[in-house]
Amino acid sequence: MPLLVRFLGTAASRPTVERGVSAISLTREGETLLFDCGEGTQRQMMRYGVSFALSDVFFTHVHSDHLLGITGLLRTMALQGRTEPLRLWTPRSTAKTLRQCINIGGERTTFPVEICELEAGSSVKRGEDYRIDTFAVDHRGTASLGYAIVEEERRGRFNPDLARELGIPEGPLWGRIHRGEPIMLDDGRVIESSVLVGERRRGRRIVITGDTRPCDGTLAAAQDADLLIHESTFADEEGARAQETGHSTAREAAEIALKAGVRRLVLTHISARYSRDTRDLEQEARSVFPNTLIARDGTEIELALTEELADTPS
């Protein structure tokens, strides 16, 4: 059950020859979500093979380089004959701006579009096994959110060898005990689930910051994350500029990753001055947090489960 993250746009503020502006897709069990939708996102989706059958789009904030692609994306979906509803999630007090952007050109969509405002600290439940949590970031006073994609804990690993030793026939009884039910065998023995099933296992956690200064909100949300996607607009030599504009340097992002104990850091939102050559940013970040990658348009990150489930009974 891999989880696939695709970087559709990795530039800061404006597109360059090498990079489009902000957009990230996440695909899990056939469902695709989009985080931010900078101009030209629908073309990037075509280019990198991302399905247009999105269920939701999450905006970190509504600055133009994260927003202006939604008009074209909705138009493309309408031309493709979409009828399914689409939900757009956006920070508190930004729905009006988002609605105005959608209505540019005066064309109606062929499907319902629902706009939902979110507060920091809220949670969007996705079925029974994962959710999307919001957290506060610091982008020079702009209404902004970061998002944490959080899978619920999974059942512990089932021990098939011990089950056979105990004389439990393979089949429905294995599934019942793995779901936590005690079972009674024909000889009257009662076997508790804890005998055959290990401790519950953590789900995956992916954190997307959007535009931000280093902040406590990100640090808390990123604790033990499998993947932290942090903006990195500038190198350390432009630290004053980063502070002035509400952005982060590569070193600052790496320091957050180190403090939070994340497994992997991917940097995005790269200033045009580094668009072709990101070596300085990469070296700066890796000097603090070695497991760092600077994303390019088309970069894919696949996160497998920490343990294979092939031997798990149904």
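Backbone N, Cα and C atoms are what each Cβ position is placed from, and that goes for glycine too.
Annotation source Swiss-Prot lists active site, proton acceptor at D65, citing sequence analysis. Neighbour density for D65 (active site, proton acceptor): within 10 A of its CB lie 22 other CB atoms from the protein chains shown.
Look at H139 (Zn(2+) 1 binding site): DSSP puts it in coil. Residues annotated as Zn(2+) 1 binding site in Swiss-Prot, with sequence analysis given as evidence: H61, H63, H139, D211.
Its Cβ taken as reference, H66 (Zn(2+) 2 binding site) is surrounded by 25 other Cβ atoms within 10 Å in the chains shown. Residues or ranges marked as Zn(2+) 2 binding site in Swiss-Prot: D65, H66, D211, H269.
It is 8 Å from the Cα atom of H269 (Zn(2+) 2 binding site) to that of D211 (Zn(2+) 1 binding site). Long-range Cβ proximity for H61 (Zn(2+) 1 binding site), meaning a same-chain Cβ under 8 A and a gap of 6 or more residues, is found for P91, T94, H139, T142, A143, S144, L145, G210, D211. Annotation for H63 (Zn(2+) 1 binding site): same-chain Cβ neighbours under 8 Å, separated by at least 6 residues, are T142, D211. With all protein chains in the displayed structure included, the most crowded Cβ environment within 10 Å among the binding-site residues H139, H269 is that of H269. Its Cβ taken as reference, D211 (Zn(2+) 1 binding site) is surrounded by 27 other Cβ atoms within 10 Å in the chains shown. Same-chain neighbours of the Zn(2+) 2 site beyond D65, H66, D211, H269, judged by a C-beta within 8 angstroms of the site's C-beta center, are, in sequence order, A12, S13, V21, S22, D36, G38, T60, H61, H63, G210, E231.
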